[in-house]
Structure formats: C-alpha cells, structure tokens
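Database features, via Swiss-Prot:
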BINDING   GLY248, PRO249, PRO250, GLY251, THR252, GLY253, LYS254, THR255  ATP binding site
COMPBIAS  116-127  compositional bias 'Basic and acidic residues'
COMPBIAS  128-139  compositional bias 'Low complexity'
COMPBIAS  143-169  compositional bias 'Basic and acidic residues'
MOD_RES   MET1  N-acetylmethionine
MOD_RES   SER174  phosphoserine
REGION    95-184  region 'Disordered'
Amino acid sequence: MNLAEICDNAKKGREYALLGNYDSSMVYYQGVMQQIQRHCQSVRDPAIKGKWQQVRQELLEEYEQVKSIVSTLESFKIDKPPDFPVSCQDEPFRDPAVWPPPVPAEHRAPPQIRRPNREVRPLRKEMAGVGARGPVGRAHPISKSEKPSTSRDKDYRARGRDDKGRKNMQDGASDGEMPKFDGAGYDKDLVEALERDIVSRNPSIHWDDIADLEEAKKLLREAVVLPMWMPDFFKGIRRPWKGVLMVGPPGTGKTMLAKAVATECGTTFFNVSSSTLTSKYRGESEKLVRLLFEMARFYAPTTIFIDEIDSICSRRGTSDEHEASRRVKSELLIQMDGVGGALENDDPSKMVMVLAATNFPWDIDEALRRRLEKRIYIPLPTAKGRAELLKINLREVELDPDIQLEDIAEKIEGYSGADITNVCRDASLMAMRRRINGLSPEEIRALSKEELQMPVTKGDFELALKKIAKSVSAADLEKYEKWMVEFGSA
C-alpha cells in the first residue's frame with residue numbers, strides 16, 4: 001500500500017471541501033477510508049494499527065460534516081408549492097446558458113415637458129432652428145402602438161443639429177457662465193474624459209517665464225497671437241496658419257512655449273498625447289479625434305497642442321503600420337483640413353490653432369508636414385539664455401554673494417533647458433545634504449527652517465556639474481539642423 005497516495009487523497013478531499021466542490025470531496029474521503037481499512041489489515045503492530053484506526057475515525061467525522069453540508073444545500077433546492085397557481089404560459093422554460101429577452105420598456109413622457117409649464121419655453125425656443133428638419137421631441141406621451149425611434153435615427157438627428165445647437169448655446173450663454181459643450185451624438189463618457197483630462201483654460205505661463213528663444217517667440221506671435229489681436233487684417237491670403245510644428249531636442253521648452261501661446265492669446269488649451277486619442281474599441285479612436293476638434297471649435301479660440309506628434313501620426317505605408325493606426329492618422333489629417341475650411345467662412349477670432357512638438361521630425365508623415373505650415377526650430381539655449389534660465393530657476397533660492405551666474409552659464413554650454421533646471425535643483429540641495437549628514441531621523445526632524453535655508457555656493461554648482469551631464473549630443477543637433485535646412489519653414 002502506497003502511504004503517499006493515502007496522504008495525497010486525504011489532502012485533495014479536504015481541499016475540495018474548502019473550495020465548495022463537495023461531491024468530489026466525498027469521493028476522495030470514501031476512497032481514502034477504504035485504503036486505510038485495507039492498510040490496517042496488513043499491519044501487525046497493535047499500536048500502529050490503533051493510530052491508523054484513529055486517523056480513519058477523524059476522516060470519517062470530516063466526511064460526515066461534508067455530507068451534512070451537502071444535505072443542507074439539497075434542502076434549499078426543494079420546490080415549495082407556490083401561494084398562487086402559475087400556468088405554463090406565464091413561466092416558460094428558460095435555458096440557463098441563454099440570455100433572457102429584454103424586458104419591454106414603457107415609454108412615457110417626462111413630467112417636466114407638459115404644456116402648462118412655462119419654464120421650458122426658452123429651451124424649446126432654443127431648439128427652434130432644428131425644427132425645420134423634423135420633430136426632435138414630443139409633447140404628448142408616446143403610445144404603445146407607435147414604434148420608438150432607434151439609436152441610429154437619434155444619432156443622425158443629433159449629428160445634424162450639432163453645429164446649430166452649439167451656436168445657439170454660445171449665443172444664449174450668460175456672460176458670467178462658461179457655455180457647456182453639447183455632446184449629442186457622442187458617448188457621454190468620452191466627452192467627460194476630454195473635458196476633465198484635456199481642457200485647461202488660461203494656463204499661467206507667460207513669455208517672461210521662458211528664457212531666450214526670442215526668435216521662436218517672435219514667430220509664434222506672428223503665427224498665433226497676432227491673428228487674435230488683428231482679426232480684420234488676417235483675412236484672405238493673410239489667413240492664420242493652420243498649424244505650427246516645433247522641432248528640437250528634448251528639454252528645450254517646446255511645451256512651455258505652447259502654454260505661453262495659450263496664455264497670451266487667452267485661448268482654451270487642449271494638451272493632447274497619444275494615450276488621449278487611443279481606445280481599445282474599434283472606431284473609438286477616430287471618434288475621439290473628431291470629438292476633440294469639434295470641442296475645439298466650440299470652445300474657440302482654441303489652441304490644440306499635440307505633444308510627441310510623431311507617435312500619433314508617423315509615416316504611413318510602413319510594414320509595421322496597423323490598420324487602426326492608419327485610420328486615426330487619416331481622421332487627424334481630415335480634421336486639420338476641416339479646421340482651415342471652417343475658418344474661411346467663420347470669424348477669424350474663433351480660430352483653432354494646432355501646435356505640435358516632436359523630437360523626431362524625420363518620422364512625421366508627409367501629409368501632416370504639409371498641414372503644419374510653420375515649422376520652427378527650438379534650439380539649445382545660448383549663453384545669454386543659459387544665464388537667464390539660471391536666474392529664473394534660482395529666483396526663490398538664496399545665493400552666495402561671490403557666485404557669478406555668467407561663469408556658470410559658460411560651463412554648461414550644450415545643456416538643454418531641462419538639464420540646466422536639474423543642475424539648479426541639485427545645487428540647491430547641496431547645503432541641506434551637508435547639514436543633515438550624520439544626523440539621526442529625530443535630529444533631522446528637530447532642525448529649524450532657518451538652519452536649512454543656507455545660500456547656494458559656487459562649489460555646490462561644481463559638484464552638481466560633476467554629477468549631471470548634458471543629454472543632447474552633437475550628432476543629434478546636426479540631424480535637427482539638416483532637417484530644418486531641407487524642410488524648415490520659419
């Protein structure tokens with residue numbers, strides 16, 4: 001007799017009982033008790049035989065408990081006579097593996113749309129522009145004989161009244177309230193996600209917060225800001241640019257420039273990335289692109305900033321391109337052309353400007369490159385720009401009187417704006433690191449604020465420069481300059 005098999009069967013019986021599989025558990029309990037009984041017949045030692053009998057008795061008690069649980073569960077399944085007779089027609093047989101048919105909904109008119117109510121008249125007047133195409137709502141209850149309208153009909157009617165409904169909402173909105181986007185025809189969750197995660201009104205970034213980049217600021221003012229200030233001038237051949245592409249190494253301030261543009265223009269700022277316009281459901285990504293541009297037109301004047309646009313609209317026709325990615329690119333290109341077409345017949349002050357930034361301009365699709373008419377280069381900061389950036393980053397930090405920011409600016413040549421910010425942050429922490437060196441956690445907590453507010457010295461910057469190297473190589477800069485010579489449009 002294999003003792004390991006007895007132990008394994010007893011273990012499985014207990015595990016099945018714990019998992020609720022009582023039928024299998026009872027089978028294993030019965031088998032292991034028979035095995036123990038046969039094993040006891042072959043044992044000659046009375047002491048060992050008594051122990052096996054004790055084990056069999058314990059397993060028998062467990063078996064009786066499982067059997068009691070099964071009988072209790074079976075008692076719940078006993079059919080009790082109903083209080084009232086039920087015919088076979090009332091309760092037809094239902095296959096548990098098949099979903100039951102939906103319960104028919106009773107269509108009733110909401111109580112707030114009754115004729116005596118005078119408060120809903122402004123809403124009905126607001127929708128009067130849609131009444132020429134057909135009835136949108138019903139004032140009387142829908143009878144059961146009438147066929148309810150399908151979701152496809154509602155979608156067509158909603159899309160047909162999108163532009164008029166939104167224009168009426170903009171005209172009827174009070175001065176103190178921000179008009180709300182009417183997402184009729186779209187999933188409510190998609191609209192709320194874009195409103196919550198993308199829309200950023202009046203970012204508090206100004207031109208003075210950005211060091212250097214005077215040429216880029218001048219070009220952005222001409223391409224984006226001036227059409228807002230002089231709408232009568234920018235008409236016809238002087239129409240505003242459809243899009244602006246900012247090209248440059250990482251950390252040079254492209255996102256900061258986009259936020260400054262939105263602040264100076266007083267526009268609604270949409271910050272879009274590849275995750276924003278991506279959905280696992282077929283066709284949802286294209287709807288998100290279209291919804292984004294419709295919301296941008298509604299909240300116009302609007303700045304749509306697409307960061308890392310090469311991840312959304314890379315070159316088409318490659319072997320590793322997916323069908324869904326191609327559809328998203330096509331919808332984005334169509335909507336960008338649609339923005340320009342809408343501006344020609346609309347108020348120039350209601351423009352939608354597309355700002356894009358990329359670190360890989362050579363991967364962008366040719367059609368998108370054509371739509372982004374202004375392509376400007378955001379270079380590394382100059383010596384003057386590095387000194388200004390040091391002043392901006394260290395304006396809240398106490399500096400040693402002997403420190404010369406111009407000397408430090410010469411040492412960080414080739415550093416990007418993000419690299420310089422990291423150097424300033426690391427240097428400002430050096431004094432704190434020296435102060436808490438060797439102290440226990442209790443002593444660190446007991447330190448006063450004045451003890452930690454020590455000035456930053458030149459030696460702190462030297463230590464920080466030894467630890468932090470520049471992140472942009474000369475070969476990368478040469479690639480950007482070569483691309484700008486071939487495709488730049490500054």
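Cβ atoms are placed via backbone N, Cα and C, with glycine included.
Where Swiss-Prot records a feature, it is marked here on the structure.
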residue: GLY248; record: ATP binding site; contacts (Cβ under 8 Å, 6+ apart): LYS254, ASN359, TYR377, ILE378, PRO379, TYR480
residue: PRO249; record: ATP binding site; contacts (Cβ under 8 Å, 6+ apart): ASN359, PRO379, LEU380, SER416, SER471, VAL472, ASP476, LEU477, TYR480
residue: PRO250; record: ATP binding site; contacts (Cβ under 8 Å, 6+ apart): ASN359, SER416, ALA418, SER471, VAL472
residue: GLY251; record: ATP binding site; contacts (Cβ under 8 Å, 6+ apart): SER416, GLY417, ALA418, ASP419, SER471, VAL472
residue: THR252; record: ATP binding site; contacts (Cβ under 8 Å, 6+ apart): LEU213, ILE378, PRO379, LEU380, PRO381, SER416, GLY417, ALA418
residue: GLY253; record: ATP binding site; contacts (Cβ under 8 Å, 6+ apart): ILE210, LEU213, ILE378, GLY417
residue: THR255; record: ATP binding site; contacts (Cβ under 8 Å, 6+ apart): PHE305, ASP307, ALA357
Beyond the site residues GLY248, PRO249, PRO250, GLY251, THR252, GLY253, LYS254, THR255: chain residues whose C-beta lies within 8 Å of the centroid, for ATP: ALA357, ASN359, ILE378, SER416, GLY417, ALA418
